[in-house]
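These notes concern the structure reproduced below.
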Amino acid sequence: MKVVAIIGRPNVGKSLLFNRICCKELSLVHDIPGVTRDRIISFIHRDGQKAMLIDTGGLDFNSKTNLEKSLFEQIEISLTEATHILFVVDGRTGLTPLDLEIGKFLKKRHKPVFVVVNKIDDPKLENNTLDFVALGFDTIFPVSAAHNRGIEELLRSIFVSDSIVTEQKDLKLPAAPPTRIAVIGQPNAGKSTLINGLIGEKRLVVDEHPGTTHDAVDVDFSIAGLPFTLIDTAGLRKKNKLQPGLESKIAGRTVHAINRSHIVLFVIDAEKGISLQDKKIGGLIQKAFRPCIIVLNKIDLLENSFDRRNWGKESRLLIQRELPFLSYAPVVALSAEKKWNYQSLFTAILLVDQERKKCIPTHDVAEFFQRTLHQFPPQPIQGKRLKIYYATQLKNKDSSKGPPCPTFVLFVNNLKLLKAAYKKFLEGKLRQTFAFTGCPILWKWKKAQGKKTLLIQK
């Protein structure tokens, strides 16, 4: 049986997370008050598996009173019993020195640690998750215990963790197809240097002269044991700068690489800033409906004007201002040359890859639209109001024929009653509930045929 200990500094929401997990449609057997008031245990069941969940008091190494010393002893006992650890941090406050100290303390335990970034109440805050890469743990979950966001994914990971391996050691499962990542950007933005840093070897020619890479080159690598294929592409120039023949073919190959990718790394030269050509490249990504991570490279050249302590915040503000149509994309500021902040990029890739594969059950989709339309009904047009009869998300089986991003199909009474402003509003509400970080959302609106049962019953 798994024993999961919830650990973290004071006031990060550990007890609220504990209560949320115990009350989230799980078969709660019983609650047992712990040895002290600061240690509470619950047994939970899920999919035929059982786990013990331990809530602990706030961890502070500067314990002075007898009560604080007793609390630390209880935390030590919990960690000794635990098979897995939920390390809870505050996504609003950000990374603190105490978080780093607790991280070092937990690493000495040599047990699986899930970093739970709590208080991510709004999907726009999910980029804050990248700040906690510095803790050095591979698995990070953005959640909101207060608003029940991300809890299902966390629970799934807790219960699935190492269960397949331990119970089916002799079963050879087919290898998962690699996630294809296209690395695009203007010439000399540092794409090949970035890839060489990611894979840890010099596979691609790096040169100071723009346009060194002429072909789209595939490079296999892995992150946390998961397979990926990087597609390095030639830089996209302005049309009037393309040499006849050669560079027009290069541009065509780059667009083709975007279209066959699962995720796009959009590399921008931070020293030069975001140009009109960068905005056009961003438009290609938007048009292709590809999940995206924006990489602000060469940040080392801006040390005097770019505060390294606030990389995340300053980068996001820049993108929201200059590339608002890619506002769904997480932003990673780094230096490929100096190898600064690569770990944030690894975490962003894993997060977006997870989000693009997320498929919401049809029941939950219907429940979301039912609740949203009831609370925020669209304005009637000439006395007629938009009605939604059925809504579902297309399953993404990760095949070349599947949708490139989360795709929702909705059947309505009249397509003319559907206004752009309301579609944008629905997307915002959908992201607040299900996040889909790094992913555009594709909508397929269809007119319902014949008599249908309303999704919303008045």
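Just so you know, glycine gets a Cβ as well, placed from its N, Cα and C.
The domain 'EngA-type G' feature in TrEMBL is assigned to 2-166 (among others).
A 10 Å cutoff on Cβ-Cβ distances gives Gly8 (GTP 1 binding site) a total of 25 other Cβ atoms nearby, all chains included. According to DSSP, Gly8 (GTP 1 binding site) sits in a coil region rather than a helix or strand. Feature annotation from TrEMBL assigns GTP 1 binding site to 8-15, 55-59, 118-121.
Among the features that TrEMBL reports, domain 'EngA-type G' is placed at 179-357 (among others). Taken as a whole, the domain 'EngA-type G' (179-357) shows an average pLDDT of 78 in this prediction.
The number of other Cβ atoms within 10 Å of the Cβ belonging to Lys191 (GTP 2 binding site), over all protein chains shown, comes to 29. Annotated GTP 2 binding site per TrEMBL: 185-192, 232-236, 297-300, in sequence order.
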Taking Cα atoms as reference points, which of the binding-site residues Gly185, Asn188, Lys191, Ile299 is nearest to Ile120 (GTP 1 binding site)? Ile299
DSSP says Thr56 (GTP 1 binding site), in three-state terms, is coil
Candidates Asn188, Lys191, Ile299 (binding-site residues); nearest Cα to Asn11 (GTP 1 binding site) turns out to be Ile299
Could you check which of the binding-site residues Gly185, Asn188, Lys191, Ile299 is the closest Cα neighbour of Leu59 (GTP 1 binding site)? Ile299
Residue among the binding-site residues Asn11, Asn188 whose Cβ has the most other Cβ atoms within 10 Å: Asn188
